[in-house]
Amino acid sequence: MGRFLTTTALALLATGGAATARPIRACDVSTKYLITFGDSYSQTGFDVTGTKPSASNPLGNPPLPGWTASGGLNWVGFLVSEFNTSTTLSYNFAYGGATTNATIVPPYQPTVLSFIDQVAQFSGSIARKPDYAPWNADNALFGVWIGVNDVGNVWWDPNYDSLLEQIMESYFGQLQILYDAGARNFVLLSVPPIQRTPAVLLNNSPENQKAEALAVDKYNEALAANLEAFTDKNGGITAKIVDTGVPFNTALDNPTDYGAPDATCYNSDGKSCLWFNDYHPGIEINRLVAQAVADAWKGSFF
């Protein structure tokens, strides 16, 4: 049986170098790997066929802070550049607009890579543990933060509960693929309170905001229940859920403490407001999310 822990972290929780005599391998005994999947809340614009991550360039391509939707570093960038205690290399397959399974919840464009597509990219690249990414069960942490678009796109659907069951089946089908490839450490990030985004507050009635909040809660409850079943089924797993509602609400309830005039303004500099735009968190919320993940794995990965 695997070990399943739920963590609410704050409260309880590119360049290619000159040719060398031999290939540079990220195989120092202390090197760790952060292998992530998700949507625009996690994307850094990484292309696994491009420049590979290294100690001096942990995102690989593009270099820090990457191509993010935060105005600067997002939670992935913070983890590998500020919260790491040793060299931690990011292989980030997240893709903006992603849903878990595009046949269940279509993304905003058909070209968007779903969680299924992202895992397929992993399977076709670093799953085989190549010389440039010799990860193993002990030194690799697999992170998944997806569901914002799944919930956001169908919370209103009268068949939401049925769709949620299908989403979870697909989600944990992908985790099974990762497990079968050798993944044993998993951190799953919950869907944050998207009903508090400026977009939802400005464009939805109070009743609809409450309905979307309920849909978020249902998603996160299903995530926890399915993770417990997944760890019961598969041996040797250490899995933790980070409740992203804690860092989000910490900032949104105290905006001036984080350099913002209020909880609803947004600015593409990622700093003047808590929001980068009307749906994506800025730098400070991303820092808090990263801190939450680091706290959950303190003493092992961070």
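Keep in mind that glycine also has a Cβ here, set from the backbone N, Cα and C atoms.
Residues annotated as N-linked glycosylation site in Swiss-Prot, with sequence analysis given as evidence: N84, N101. Annotated signal peptide per Swiss-Prot: 1-21, in sequence order, evidence recorded as sequence analysis.
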Around the Cβ of N84 (N-linked glycosylation site), the count of other Cβ atoms that are within 10 Å: 18
Cα-Cα distance linking N101 (N-linked glycosylation site) and N84 (N-linked glycosylation site), given in Å to the nearest integer: 32
Where N101 (N-linked glycosylation site) sits in the secondary structure, as DSSP reduces it to three classes: coil
Neighbour count (Cβ, 10 Å) for N101 (N-linked glycosylation site): 19
